[in-house]
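Q: Dropping a structure here in structure tokens format, bear with me for questions.
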Amino acid sequence: MVDVVLEVRDARIPHSTCHPQVPLWIGSKPRLVVMNRQDMIARADRAAWDKHFTAEAAAAQAAADAKAAAKRKAAAARAAAAADSEQQHAAQVQQQEEEQQQQQAQHEPEDAGPPPLPQQVFWTDGKTGSGVHSLRRAALKLSDHINAKRAKRGLAPRPVRAVVIGFPNIGKSALINRLLGRRVVESAARPGVTRVLRWVRLGGELDLLDAPGIIPAAFNDQAAAQALAICNDIGEASYVDSLIAAAMIIRIKTLPRNRPILAALQRRYRADPLSMSAEDFVLHVAGEVFGGDAEKAGVRLLGDYRNGALGEFALELPGMQH
């Protein structure tokens, strides 16, 4: 049983690296959303996502406030009804039932953790450690609530238990090493490095569970599958390089503020991506550089994006059709 979930996403494709079943898995547990690889996107992209997450948080808070107001209104109505002598007994019985429910909630299992918190978003770079300090501080802060509850029950304090989840190859293990301040778990720039569950401890206050990358059993969203392939967040055996490179070019053409990216492609490969289809652009690169080998051209184009040769930019932005 864990107390908090660290959901790691790829900052280049925040939508596609949000596993659709995470809300069902974690229930009401606090979730810290970690937007890793922030160094690989533009500042304007991050600002757009920050605005989106802020609006989401405000909407969630408004919904919670409305629900609380409805409960208060119902409670007031019950109190008014209780003033009627004919309903006095029924009101007392109902009050006793509610008090019993509250007492049961106060004696929940020790591992139930803190009450639900709003989703918090952190931007990090697992390679350099940027943003990791704020994430560590937020995770450790949860221990205050957990251990306060344990103290009331006469139990000794224990570390917060956090699980780190996300798609393959989005930097989970590198992030854990940064949180720990030392290399404890194996990390490499390829999917599938972490294969087993493993607990590691940060001092005496935080236990981290490193989990293998999780992908949906079936991809109904082909656009998301393509985005994962473009960013190398799924195994190379899952896709054809030339086709995914063409899908990348199509995405780039739809991005706002894409002029510098298109200019970089034109300079690098001496062809205007806007003057031809994405498939023809890949074939042009194949003919110019690789003797007509479209797969080698696809590998080069994808590599150029992954290593930043085309610039730093997100492939998904709020409001775009994914």
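Every residue number used here counts from 1 along the chain in the order it is shown.
Backbone N, Cα and C define each Cβ position, glycine as well.
As listed in TrEMBL for this protein:
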type: BINDING; residues: N36, R37, Q38, D39, G213; note: GTP binding site
type: COMPBIAS; residues: 79-106; note: compositional bias 'Low complexity'
type: DOMAIN; residues: 162-223; note: domain 'G'
type: REGION; residues: 79-128; note: region 'Disordered'
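Help me understand the surroundings of these features in the structure.
A: The Cβ neighbour count for R37 (GTP binding site), using a 10 Å radius and every protein chain shown, is 23.
Mean pLDDT of the predicted structure over the domain 'G' (162-223): 73.
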Q: When you look at N36, R37, Q38, D39, G213, which the record names as binding GTP, what is the longest CA to CA distance in angstrom?
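A: Pairwise Cα check on N36, R37, Q38, D39, G213 gives a maximum of 21 Å.
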Q: Just counting, how many other CB atoms are there within 10 A of the CB of N36 (GTP binding site)?
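A: Excluding its own Cβ, N36 (GTP binding site) sees 27 Cβ atoms within 10 Å.
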Q: My understanding is the cutoff is Cβ-Cβ under 8 Å with a sequence separation of 6 or more in the same chain; which residues meet that for D39 (GTP binding site)?
A: D125, K127, T128, S130, E312
Q: Is it possible to get the count of other C-beta atoms within 10 angstroms of the C-beta of Q38 (GTP binding site)?
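A: If we count other Cβ atoms within 10 Å of Q38 (GTP binding site), we arrive at 22.
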